[in-house]
Structure formats: C-alpha cells, structure tokens
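Visitor: These came from TrEMBL, pasted as-is:
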type	residues	note
DOMAIN	65-519	domain 'Major facilitator superfamily (MFS) profile'
TRANSMEM	143-161	transmembrane segment
TRANSMEM	173-191	transmembrane segment
TRANSMEM	203-221	transmembrane segment
TRANSMEM	241-264	transmembrane segment
TRANSMEM	334-355	transmembrane segment
TRANSMEM	367-388	transmembrane segment
TRANSMEM	395-416	transmembrane segment
TRANSMEM	428-450	transmembrane segment
TRANSMEM	462-485	transmembrane segment
TRANSMEM	497-515	transmembrane segment
Amino acid sequence: MSANIAARMSVDDEIGPAVDEKPKIEHLERYNVESKEVDDVIMKSSFEDLPWKKTWVVFRKAALMCIFASFSAAADGFQVSMTSNIVANKGFIQTYGTIIDPKTGGPKLDADILAAWGGIQSAGQGIGMLTQHFVADRLGRKAAFYALWVSLLIAVALESFGRDWRSWLCAKLFSGFGVGSVQFMTGMYMTELAPSRIRGFLLIFYSAWYGIGQLCSSLALKVMNDKSPYNYLTPIYTEWAMLGLMAIVYVIIPESPFWCASVGKHDKGRAVMKQLNGGIEGYDVDYHYNIIKRSIEKEQSYQKQIDGESHGFLTELRNVKEVFIGINGFRTLIAFWPACVQQIGGLAVLSSYSSYFAQQAGFGDPFLFSLLLALVAIVCTLVEASLIDLIGRRSLFLIGSITVWVMCMVVGGLGLMTNRSASVNRLVLVFSLFWRLGSTLLGNLGWAYVAETGSSRLRAKTAGIAAAGGVCLGLVFNTSVPYMLNTTGANWQLKTAFFFAGISTPFVVASFFLIPDTSRRTPAELDEMFRKKVKPWRFRSYVTDAQKALNEDRARRGEMDPARLQQNA
C-alpha cells in the first residue's frame, strides 16, 4: 500500500450526517482509491484485518509489551483490596478504633471515620484522573507513570509507619491519587500500542491482573487473620514488593508513539514502532507511523479551527471544555457511562466495603467472602477476555447491566426476611457472587471504553475526565454506604441492594440506546464513525470509508498485499 495514499488528507473535513450504514461489504458500491473521494480518508492498515490468532503471532512483540505494562494493575488491585478489607482485621480495629463497642467493650471503628477514609480515597482518585492527563500530554506517558508511582510510595510509607486514623486518612489520599492514575493511564497506554484486532483482549487482560492483585491481597489477609488475627502490619509490608514490580515495569516500557506524534518527536515515535513491529515481514514503519501522525494532525486541525493556536498550559487548560461539547462531549459521556452504571449498581457494597457488608449480612468469615469475590472476578475476567473481541463490547455490557440489576433485586428481596437461617445466608452468598460477576463485567468494559472512546488527540483528557466522573459517583457511595449498612445508621443491611436496583433502572434502559461497540476498530475509524454520528447500535456492522478504500486497494493490488502474505504464511 503506497504511503502517498495515506498522506493525502484535507484539514477542512466537515462533520456530516450518518451515511450508508449497510452492514455487508458485498452490497456496497465500489470505492475508487485513486479518486478525490479518499483525499480526506486516513487509510487503514491491511494488517488490521488479519485473523485474531495470526495477529497474535505477527504482532507478538507489541502484545507482550502490553501484557508487561498491564502487570502494574496487579499492584493496583493489591493496594485497593488491602486498604479496603484490612478494616475488618482485629489488630487494625484495635489500633484505629476510636469508639467503644457496647457489645464487646472493646474498640470499634467509627462509621464517620470509615466514611472519611472511603471519601478521601475517592477524592484522591478524582484528583489523579483530573490532573495526570496534563502530565501525560505535556511530558509523556512514562513521566505520568513515574509521578503516580511516587504517590503510591508515599501512601505505603504512611500505611506502614502511621498509627493514627489521620495518618491513614493521608495514606488514603495519596493511594487514591496513584490508584486512580494507574486505572485510566494503563488502559490508555495499552490502546496506543495494541493492534486493534486484539486490543479488547489485552485491555481485559489488564483487568485480570487487577483481579489477581485483589485475590493475592485477600489471600494474604485471610492467611494472616487465621494465623495472627491481631497482626495487620505484615500484609501492609507486602505492598512494598508490589511497588518494586511497578518500578521495573515503568522503567522498561517504551514511550507511546501517539504521544511522540502529538508533540513532534517523530524520530522517537518511529523508533518505538520499529522496536515493536520492525521485524514483521512487509511492515512499513514509516507508512504505519504516518497513519498515527495524520490522525493526530487531523484532530489538531479541528482544535485550531475551534480555539486557534495554542499558547501554552493556560490555553490547554481552557481548551479542556472540548471534551464536554459536541461530538467529543458525546464520546466523553460514552467513556463515563460504564463506570456510572457500575457505581450505581452497588460497586461500593461489594468492593470498598465487601468485608463490612459480609459482617452485616451475617457471614461468619468476612475475609473468606472477600476471597470468593476476588475469585469470581478473576474467572469472570478470563472468560470475558476470550469473548470480548468475538461478540463485542456492547453485548457484554448489556449482559452485565441486566445481571447487576436482577441480583440487586434478589439480594434486596432476601433482606426482607427476618431471622434468616444458615441456608438463606448461603443463598445470599451465591447471589452476591453473581452480583459481583455482573459488576466485574461492567468494570472491565468500563476501562476498555475509557481507553478507546476518546479521539486520537483528546484520548488522555477524555479518559481522565470520564474516569473522574465515575470516581465522583464512587465518592458519593463510599461515604454513604457505611451509613446504609451500619446498625447505628439506616441499618438497611441487605435491603441496601434495593436502593441500587431503583436508581440503576433508568441507566440500564438507556444503555441499550447509548453504548456502541468499539471492537476491532482503529482510532481513525472510531474518529470517522463519531464524526458521522453513526447510531451506537450500528457500530459493529458499519463499514468505514477507510475499510472501503482498503478493500478497493486490495482488489487492485491482489497478492502484493503484505498482510495477505502474512495471513497465508
């Protein structure tokens, strides 16, 4: 495929209505790649149409680098689970308890302090997500990774050496900042490296590492609680090993070629692509880097038309409004929606306060409950990873939304029973695990949509702001759920699930009309479909101009296509 085809692009692209949405290629009119019709088309690489398995073989270096980058999610999940579930440890309660339990006469954690811890962590997450995209855009993805690592380092130091609830409050703030930054940055970074054909699997694989981190944390707490129920420091010390793992990952991974293209570091960007894909037969590094470069330039031309020339950081800060208006606003809404539905589906109950919920629900071993939740999350994630590129993001999202709503109704209904027997409590456990399964589906897909939905130029800003929106909801529920569950508060216990079923109903219904399928689409194709206002439920079958041009170009060149040679190899 000649590079001059990809280079031809006009900056005065008009946003038009949705056009020709026929789902089958064979029913489309011929698309002449030599005509002026494609002057404004950013060409799609023929390698994007390789079969799923062949893509793994051909792009194994890029795929392995994405997997390596996703290792940091294990440390993220470990940190979140450790700081959330250790509140049920007897030694932790003895150290940080500030009120007297009338039943036992011993110390007890104050619901107000629990709410403050949950709220400050969510606030830290929001601060990270709202600020780190500036670092990522101006200084690079790696610089942003280093910044979040320092924040986690401070958090673990405070957790290890602090002995007052205020020190834990500060630790939660820094932990939230680091965790929130990891969550949106890692998926975004992987999206910029991964081939679109296997991007969904890799993004869910990132979530699997997050679940493995949570499982390891729950297992460590379970073992330590059985052996030494008053020792809470040893599990916390294990977080230092996770920090070491993250440091190794961040030092080794390369810079993003998308960022290099956005700031004019083209030699460095080509070097990264050569490092990842340079050994592939028929792969033209300059041509493929030019696709990225043209996508960025086209988006930058839109910015200049709207806001004029940039004049430094203050202009960039003012231009954040772009992600809230027009098509970019719609893209931000879609990126935010999965996190929104997950939060209002009761995430806080089965995540931040899972062990506390277990105590209130009458489970004898809250740490075992947290361990089972982590196991369900991992199994769900692995199954989801194998299906996401096959049946698509949209179908899995709708399945997860419906599952969460139904389980909220069932668990809430069981909560209406008084003096529940052991068998009923076991039923609650089973349905809670299904509740977690649906929530995990939404959470994994949420990070995929956060990473993929933003435009090539605004990806970091869209991802950060959309993720921060989910955290704002998390802040609301992390501070309110303890009062819903606690006997000194509303004392709803299991009936808390009814609350989440009620508020999630309109959002579940709206998802059928709002959520698109972004599977197997290149960034340029997604830009095109959003500009043309393709209906969300038609994304999967829509044929882009880039695909039409590629089909014509293939037919014209026949066996000279390097991707076909790879496919037949």
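Placement of Cβ uses the backbone N, Cα and C atoms for every residue, glycine included.
Keep in mind that TrEMBL annotations are predicted by a computer and have not been checked by a curator.
Given the structure is predicted, the values throughout are model-derived calculations rather than measurements.
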Visitor: What residues elsewhere in the chain lie close to the transmembrane segment (241-264), defined as a C-beta under 8 angstroms and at least 6 residues from its ends?
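Guide: 65, 68-69, 71-72, 74-75, 78-79, 136-137, 140-142, 145-146, 149, 152-153, 156, 189, 192-193, 213, 270, 272-273, 275-276, 289, 292-293, 296, 300, 456-457, 459, 523.
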Visitor: Residues sitting near the transmembrane segment (203-221): Cβ under 8 Å, six or more positions beyond its termini, same chain?
Guide: 66-67, 69-82, 85-86, 89, 186-187, 190-191, 194, 235, 238, 242, 367, 370-371, 373-375, 377-378, 381-382, 384-385, 388, 440, 443-444, 447-448, 451-452
Visitor: I'd like to know if the transmembrane segment (395-416) touches the transmembrane segment (173-191) in this structure, counting it as a touch only when three or more C-beta pairs sit under 8 Å and are separated by 6 or more positions.
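Guide: No, the transmembrane segment (173-191) and the transmembrane segment (395-416) are not in contact.
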Visitor: What else in the chain is close to the transmembrane segment (334-355), if you only count residues 6 or more beyond its ends and a Cβ gap under 8 Å?
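Guide: The answer is 80, 84-85, 87-88, 118, 121, 366-367, 369-370, 373, 397, 401, 404-405, 408, 432, 435-436, 438-439, 442-443, 445-446, 449-450, 453-454, 462-463, 465-467, 469-471, 473-474, 477-478, 481-482, 485, 496-497, 500, 503-504, 507-508, 511, 514-516, 536.
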Visitor: Which residues, given as numbers and ranges, are at least 6 beyond the ends of the transmembrane segment (395-416) yet have a Cβ under 8 Å from it?
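Guide: Sequence-distant neighbours of the transmembrane segment (395-416): 338, 341-342, 345-346, 384, 387-388, 424, 427-428, 431-432, 434-435, 437-442, 445, 492-501, 504-505, 507-508, 511-512, 515, 517.
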Visitor: Mean pLDDT across the domain 'Major facilitator superfamily (MFS) profile' (65-519), rounded to an integer, is what?
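Guide: Taking every residue in the domain 'Major facilitator superfamily (MFS) profile' (65-519) and averaging pLDDT yields 85.
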